[in-house]
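Worksheet for the structure shown next.
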Amino acid sequence: MCLFQVTARRLVSQAHCGLKASSSKQQKFCLEMARPSSNMADFREVFAKAKHIAIITGAGVSAESGVPTFRGAGGFWRKWQAQELATPGAFARNPSRVWEFYHYRREVMLSKHPNPAHIAIAECERRLSKQGRSVVVITQNIDELHRKAGTRHLLEIHGSLFKTRCTSCGNVAANYKSPICPALAGKGAPDPDTEDAAIPVEELPQCEEDGCNGLLRPHVVWFGEALDPGVLTAVEKELDICDLCLVVGTSSVVYPAAMFAPQVSARGVPVAEFNMEQTPATNRFRFHFPGPCGTTLPPALARHETEIIS
C-alpha cells in the first residue's frame, strides 16, 4: 500500500468539506522543496512528456465565473454562513431553510458559464485522449462547471449541487429541475431581511423511487461528514499513476485535498500550482504561476509543438 493510501485512509473518517489542515499536519505529510519556478517554457517541456495528468481544482476556478463562495468576510446567505447551514444538524432542525439555501445556489449556477480555465482543461482532455494520454480532474467544487465545459473524466469529491440523495432509501439521482419542487419557486432570496419560507417537509423535494417518497437532501458533503470512500479510492488510484499534477485555484488548506498534491510531489512527480497567490504548499511544488487561472492556464495547456494530432 502506498504512502498516499495510508495517509488518506487515516483521514477519511474526519475529512469533510471545510476541515483545515493544522500546521503540524502540514509539516508531517510533505517535504520542503526548493523555491518553485514560474518558467512557462520549462513547464511546457514537462507537460509535453506527461502521459497521465491529474488536475486538482478548487473555488478559485469557479470564482472567475462569478460563483459566490460563501466563505470569509461577507460570505453570508441572509444572516448565516455556509458553515451554519451545510451540516446534517441544520438540515435535521430546519430542512426548509437548508433547501432554500441550496435552491438559491442551484438557481444561481444555472446562470453561470465555464470560464477559459474550465474550457482549457476540457479541451486538453479531449486532445490528449486522441494521443493515448489521460487527464483526470479532481475537483472540490460542487457547481458542475467542469462538466458543463465538457470534462468527462471528473471526480467530484464534495458532490454536486445537481444531485440529490434520499434520506430514506439512499438513492442518488441527477436533478436539474428549476425549481427543484413547486414549493421552492421564488424562494431562497439571500437578503438578510427575508423571512424563512417555512415550507412543510411534505412539500420539500421528495424521492421519486417507487413507493418511497422520502425527503431528499443535496448530494454534497456537509461539514462533519466523511467523503464517499469510493470517490476517495478513485482519487488515490489516479494520483498513484499520474506523472504530472496541476493544482488550480485552491488554497491548499482544506482536507483532504490539501494533502493530495504534496503527496504526489513527495514521490518526485512534478506539481504546478496555478493560483492568485502563494499557498502554504507552494514551496513544495516545482512550479507556481500566479494570476487568474483563466489567464495562466490556457497557454499552459495549449497544444505543444511536439504533439502529433491525428
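Cβ from N, Cα, C; glycine included.
Per TrEMBL, the feature domain 'Deacetylase sirtuin-type' maps to 33-307.
Positions annotated as NAD(+) binding site by TrEMBL: 58-77, 140-143, 249-251, 275-277, CYS293.
Taking a C-beta cut-off of under 8 Å and a sequence gap of six or more, ARG105 (substrate binding site) has these contacts in its own chain: PRO68, LEU161. For TYR102, ARG105, the entry in TrEMBL reads substrate binding site.
According to TrEMBL, the active site, proton acceptor annotation covers HIS158.
Sequence-distant neighbours of CYS207 (Zn(2+) binding site) (same chain, 6+ residues apart, CB-CB distance under 8 A): CYS166, SER168, CYS169, ASN171, ASN213, GLY214, LEU215, LEU216. Annotated Zn(2+) binding site per TrEMBL: CYS166, CYS169, CYS207, CYS212, in sequence order.
Candidate recorded positions: TYR102, HIS158, CYS212. Nearest to GLY58 (NAD(+) binding site) by Cα distance: HIS158. Mean per-residue pLDDT, taken over the domain 'Deacetylase sirtuin-type' (33-307), amounts to 95. Closest in space to MET276 (NAD(+) binding site), of the recorded positions given as TYR102, HIS158, CYS212, is HIS158, taking the CA atom of each residue. Of all the recorded positions in the record (TYR102, HIS158, CYS212), the one with the smallest CA separation from GLY249 (NAD(+) binding site) is HIS158. Ranked by CA distance from CYS212 (Zn(2+) binding site), the recorded positions SER62, TYR102, GLN140, HIS158 have TYR102 at the top as the closest.
Residue pair HIS158 (active site, proton acceptor) / GLN140 (NAD(+) binding site) shows a Cα separation of 6 Å.
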